[in-house]
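Now, the feature entries from TrEMBL:
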type    : residues                                                 : note
BINDING : GLN36, TYR37, ARG38, ASP39, LYS40, ASN68, THR106, LYS136 : 4-amino-2-methyl-5-(diphosphooxymethyl)pyrimidine binding site
BINDING : ASP69, ASP87                                             : Mg(2+) binding site
DOMAIN  : 6-186                                                    : domain 'Thiamine phosphate synthase/TenI'
Amino acid sequence: MKLRGLYAITDSQLLADGRLLPYVEAALKGGARLLQYRDKSSDESRRLREAESLRELCERHGAQLIINDDAELAARLGVGVHLGQTDGSISAARALLGRNALVGGTCHASLDLAAQAVQEGASYIAFGRFFNSQTKPGAPAATVELLEQASARFNLPVVAIGGVTVENAPELIGRGADLIAVIHALFAADSAAEVERRAHAFSALFQAD
Ligand SMILES: Cc1ncc(COP(=O)(O)OP(=O)(O)O)c(N)n1
Ligand SMILES: Cc1nc(C(=O)O)sc1CCOP(=O)(O)O
Ligand SMILES: [Mg+2]
């Protein structure tokens, strides 16, 4: 499957109080191709329960689930993982999860980090942050030129993350982003219907080009 389109990422605060499953289902109905479960808590049993429910939703909607930070949980569920620079090695995750699993890596604004991720067996390389991020204001900044350089140099899907909105995403896609990873502009919404509308709007950007 070609990895291209909306990459939705969950947020524990925005999706608290019973919003996790209905809002995620709305994002999937709106066309999200990848879903990352990003929960920084240490409540293992809740994390397992939620991740299992998300896996079921993703299966139903033909999307792929990716667990943030936690290759062991990904292995337990038979899904993918996203790893940052301090979350363990991509090659170890690849060995654990097998050759068909999605293993993504954070490359910040560095082509050298991307080259290393590619060499270790990553499925995609993620760059950011491109705009001010409400979710992660301290993330190091990247420029859009990096997307062109990365897509010319590496034969892997390129993900753009950080402050992405429906308004600024077209530039990222135009410069080479295959996937746009979004938290706030997708899930900071008053209703599941609004999340679905936003997800459709993000997804439509990929049909236009
Ligand atoms: C698609 C995608 N890209 C980058 C990140 C950031 O990962 P990381 O640097 O490990 O930071 P945390 O998300 O763990 O806070 C990501 N999660 N997803
Ligand atoms: C989790 C994360 N990683 C980033 C990076 O630059 O590596 S930016 C970010 C937050 C993305 O959320 P929002 O769409 O709300 O800005
Ligand atoms: Mg991480």
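In case you wondered, yes, glycine gets a Cβ from its N, Cα and C as well.
Where the annotation comes from TrEMBL, it is an automatic prediction and has not been curated.
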Sequence-ordered binding-site residues from TYR37, ASP39, ASP69 with Cβ under 6 Å of an atom of ligand 1: ASP69
Nearest-integer angstrom distance between the alpha carbons (Cα) of LYS136 (4-amino-2-methyl-5-(diphosphooxymethyl)pyrimidine binding site) and ASP69 (Mg(2+) binding site): 16
ASP69 (Mg(2+) binding site) and ASP39 (4-amino-2-methyl-5-(diphosphooxymethyl)pyrimidine binding site), distance between Cα atoms, whole Å: 9
Of GLN36, TYR37, LYS40, LYS136, binding-site residues neighbouring ligand 3, Cβ under 6 A: none
Packing count at LYS136 (4-amino-2-methyl-5-(diphosphooxymethyl)pyrimidine binding site) (other Cβ atoms within 10 Å of its Cβ): 15
Binding-site residues near ligand 2 among ASP87, THR106, LYS136 (Cβ under 6 Å): THR106, LYS136
Largest inter-residue Cα distance among GLN36, TYR37, ARG38, ASP39, LYS40, ASN68, THR106, LYS136 [record-listed 4-amino-2-methyl-5-(diphosphooxymethyl)pyrimidine binders, Å]: 17
Spatial neighbours of ASP87 (Mg(2+) binding site), counting only the binding-site residues GLN36, TYR37, ASN68 and Cα distances within 10 Å: ASN68
CB contacts for ASP69 (Mg(2+) binding site) [other CB atoms within 10 A, all chains]: 18
Within the predicted model, mean pLDDT of the domain 'Thiamine phosphate synthase/TenI' (6-186): 98
Neighbouring C-beta atoms (10 Å sphere around the C-beta of GLN36 (4-amino-2-methyl-5-(diphosphooxymethyl)pyrimidine binding site)): 24
